[in-house]
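Everything on this sheet refers to the single structure shown next.
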Amino acid sequence: KNRKKMGKGKSHDPKDGKRKEKAKMHLKRNIGYVDGVSFIIGSIVGAGIFVSPTGVLKHSLLNVGVALTIWTASGLVSLMGSLCYAELGTALPFSGGEYSHIKRGLGSLPAFVFIWTSTFTKPASNAARALLFAEYAAQPFYGICPAPEVLKKCLALAVLWSLGILNGCSVKMAAWVQTVFTLLKMMALSVIAIGGIVLIGGRKESLARFEDAFSSEIPNASQIAEAFFQGLYAYGGWWSLNYMAEEMKNPSRNIPLTVMTAVPAVIVFYLLVNISYLTVLTPKEIVSSVAVAVTWADRVIPSVAWIIPLSVAVSIFGALNSSMFTLGRLSYAGSQSGHLPVLISMLNVHSCTPAPAMIFSTTIASIFIIPSDLITLTNYFGFSAWLMIGLTCASLIVLRYREPHLHRPYKVFLPVPFVMVAMSSFLVLAPIVWSPNLQYVYAFLFMLGSLIVYLPFIHFKLHFAFLDKITCHLQLLLEVSPADESTESKCE
């Protein structure tokens, strides 16, 4: 009312309109092409390629040719999926990744099931990464003795909250940290890859191993499928860029370009690293090794073999930072749609970062660290990741037919999403059919349990007044404000 009184009798100044626009808040477009490449590579390359790339070789029955073919095929499937996501990310550049696209294409209920499941599985995955980082970071100080569990959990909590605070305070700093740690892990992979290229020429037995790559026993269909599972797991994380589409500079150009740079680069590095392992070690040695990269280093660079365990810790740290960033954006997007408490969709008034969303996701991950046995339960939710990928690609198909005039700066070849839907269906059903387990029933029941929350709170909009008071107090405490639909920001 006071503002209306003050405005009476005054002529309209165009500058006032501009100032009002600038006063509006939204996420800033701080993430460029290099940052995007770093986030994708950082999300995909974790500890797996350093520690245990044995699953593919083991299920390939130690057949070198089949193993390398599966590594390539897994990379190509990941590339196809990332190209589908690139179309959705450029047409609908919103935070939330798959959640936003499923909601637009298939409706509110499937999107809520996705965020309900992700709120459980993704923080648990982050907790597992933090514990693994703590183990590799603490072990050098204890030699052959195991590091105390309490120390590892305290270190894991410290890492989680350090990254949570970093991502909640500054997107630019989080992107800078991601770029630095991605460069470090790629340097470590380059050492292994180049070492193998240098050594392969002088090792006749290694050359013979590749010349007769398909000479050993050929695995059957179920074994190839198991090996394929292992390969696709190693490429997990290619979907991460769509979670930050709202913060990408020039998303219509940078999202497809970033995807087409990052995923093929990972495919090449994975192949070179596996060839390097096979140059130095026999297939039997690789399968029996607990940490293949460490064994490789002991053979090739024994004087500086400590570089590899350090590289594993660095790689996990970078992957955890990327995962923390994307999980915060998922919570933020879910809250904006009314599927999570409204406080989580608010932005810090100083930095325009989704600080409440970061606190929310980091707190849940911290809970999982305390009784770390709970993390093992998330293994049975592995199928849910591919279920959501299938639903996302189905959303792309639905939107192509339902909204044909939607502006699409990049369009993927239409058969590709159909292939991804078929592949996702196979990857969801195969483990349940081949190795049925009661835990899969629990996982499905948990996903269906989302209906208990959805019907009263989302569909019928049940609301408690006391929650508004709590939200108001927390809003003042955290110095956060609701985001506005605007093209400019006072934080810029």
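Positions of Cβ are set from backbone N, Cα and C atoms, glycine also.
Nobody curates TrEMBL annotations by hand; they come from automatic prediction.
Here TrEMBL flags 1-22 as region 'Disordered'. Taken from TrEMBL, the feature compositional bias 'Basic and acidic residues' applies to 10-19. Under the heading transmembrane segment, TrEMBL lists 31-52, 64-86, 154-177, 183-201, 257-280, 300-320, 340-369, 381-401, 413-434, 440-460.
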At least three Cβ pairs under 8 Å linking the transmembrane segment (257-280) and the transmembrane segment (31-52), pairs spaced 6 or more in sequence?
yes
Top Cβ-contact partner of the transmembrane segment (413-434) among 183-201, 300-320, 340-369, 381-401 (pairs under 8 Å):
381-401
Could you tell me what the rest of the chain brings near the transmembrane segment (183-201), counting residues at least six beyond its ends with Cβ under 8 Å?
38, 41-42, 45, 49-50, 207, 210, 269, 272-273, 275-280, 293, 296, 300-301, 307-308, 311, 314-315, 318
Quick check: do the transmembrane segment (340-369) and the transmembrane segment (31-52) share at least 3 Cβ pairs under 8 Å, counting only pairs 6+ apart in sequence?
no
Check for me, if you would, whether the transmembrane segment (300-320) reaches the transmembrane segment (64-86) - at least 3 Cβ pairs under 8 Å, residues 6 or more apart in sequence.
no
